[in-house]
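Asks: Sharing a structure, written as structure tokens. Questions coming.
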Ligand SMILES: Nc1ncnc2c1ncn2[C@@H]1O[C@H](COP(=O)(O)OP(=O)(O)OP(=O)(O)O)[C@@H](O)[C@H]1O
């Protein structure tokens, strides 16, 4: 209940910030709507008594009051709806934006890769719309129901205090309804993983990108079958929760129904013995029907508010998760240029929430101005090393030092502003070509000159000639007039983006050239290395490149061979060949394959 009250307060405050005038008018209209029906029931009682007494004047007046109150009850809610609908949509927009901010607010990317975060985001995305106008409806209906129940209670108590047991019996469906909703929420959470995995399979089967592989491998039917199993799992869990919830709700309603029948009998008996008027009987029958309606609405409204409360508390959970305070104060400036370089000391790493040590015992010097290549088998830990350098994760133990300063002491945004990076799982920003490249350096995102220079450095300028409207071409098929790019063309755009910053301290290329042929990759890296040397002269920048192509790797000043989470060998090509160990073996195998 505390969470629900808190959610109501949060919604009211949010709506007040959007538009206090609209909120106030909506509340007044809803309260008017809420009190109108019980008051109309009272006027109806008086009308009946006047009619029985044959008093035309009193009956006409009571009739007019009934008419006005019924009209108010039927219309005021609609006027209120127009206002709170808008408020609700604004609230939804604000929360939607907040979710985007939360998703981007963390220092690293661990929250994107953690399953429990993915599950909550899945539920939150489905539930987010509840924060819109329907939550405002629930909130204002809750307020107006409270007032309506109060007015109804006073009218009942004036007739017979025992009749107050009627609204009290309403507690049963409310309590059991809450229990039902808690069970449903637990069911939704339990089903979240299966439905998330089912959604993933659904998009694999339906998206354009995997279509070719699916056709060739004939995997479509198998994925379809797995998708069905996962949905069945999720549906079974949800069905069980729904049945349990329905039983609880029925029990609650039965308790109330018994109280309803009893209270009607009490007043009818009093009327038969002459203690009550006919108007009182009409009043009680009208009020009892009203109480029943109020209770049913209250249960529904409470359930809606509980769901809103859960959504808002998920927001808080996520905000807390991404905003955990740094372990070390960020009190050191990012250097303007590197003089010593980057040093990794006794570094070990385990992905949060997992037990497997992915990197251990890593002690490395990456000298300022050098080009470093990382090689190793799949899953050896190359990308993980790069993620630590970009500070997407903090080391589990040990440190990364930049010119002797612990990287954690440098404000993360300042460090990222001095990085340039291209990744194997690069993003495909469906913007116009200029922006899709330019966002690699936001302040210069609209500059044709900067974008073309970056594409030149990425050996990718030819892509612009092939685009119908040059840099103004809309990329991607989300837009009807968008251009569909090939995998290699998207990669060129991503490489251009990675080259946008002119004076980074760290340039990272983590296999962003997998879609290019070996010759194109070689040419790219020659050009890239030339640029890296130019940048290195200006800023002492370090270039880190992950590649499986040894013809490219051999150009590096320092080659790191990662295997089983450790840096097994380090040195330049000649030294490692002379060593005659893993590097020499892998190089020999690849060279033989090309002969
Ligand atoms: N977010 C994550 N959570 C848990 N484990 C992860 C995560 N990302 C990677 N791993 C695991 O860490 C290990 C190293 O992964 P990493 O991506 O660093 O390998 P890699 O050397 O770059 O491989 P490849 O050459 O295939 O890209 C792998 O066993 C992988 O399963």
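Note: Cβ is positioned from N, Cα and C throughout, glycine not excepted.
What TrEMBL says about a protein is an automatic prediction, not a curated fact.
For 121-307, the entry in TrEMBL reads domain 'ABC transmembrane type-1'. Per TrEMBL, domain 'ABC transporter' is recorded for 342-589. The transmembrane segment feature in TrEMBL is assigned to 61-84, 138-157, 246-268.
Have a look at these and tell me how they're positioned relative to everything else.
Replies: Listed by sequence, the residues of this chain that lie at least six past the ends of the transmembrane segment (138-157) yet keep a Cβ under 8 A from its Cβ atoms are 8, 11-12, 26-27, 30-31, 33-35, 37-39, 41-42, 80, 84, 163-164, 166-167, 170, 283-284, 287, 290-291, 294, 297-298, 301-302, 304-305, 308.
Here the transmembrane segment (246-268) has long-range neighbours at 159-160, 162-163, 165-166, 168-170, 172-177, 179-180, 183, 276, 280-281, 284-285, 288, 291-292, 295-296, 299, meaning same-chain residues at least 6 beyond its ends whose C-beta is under 8 angstroms from one of its own.
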Asks: Would you mind giving the whole-number mean pLDDT across the domain 'ABC transporter' (342-589)?
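Replies: Mean pLDDT, the domain 'ABC transporter' (342-589): 86.
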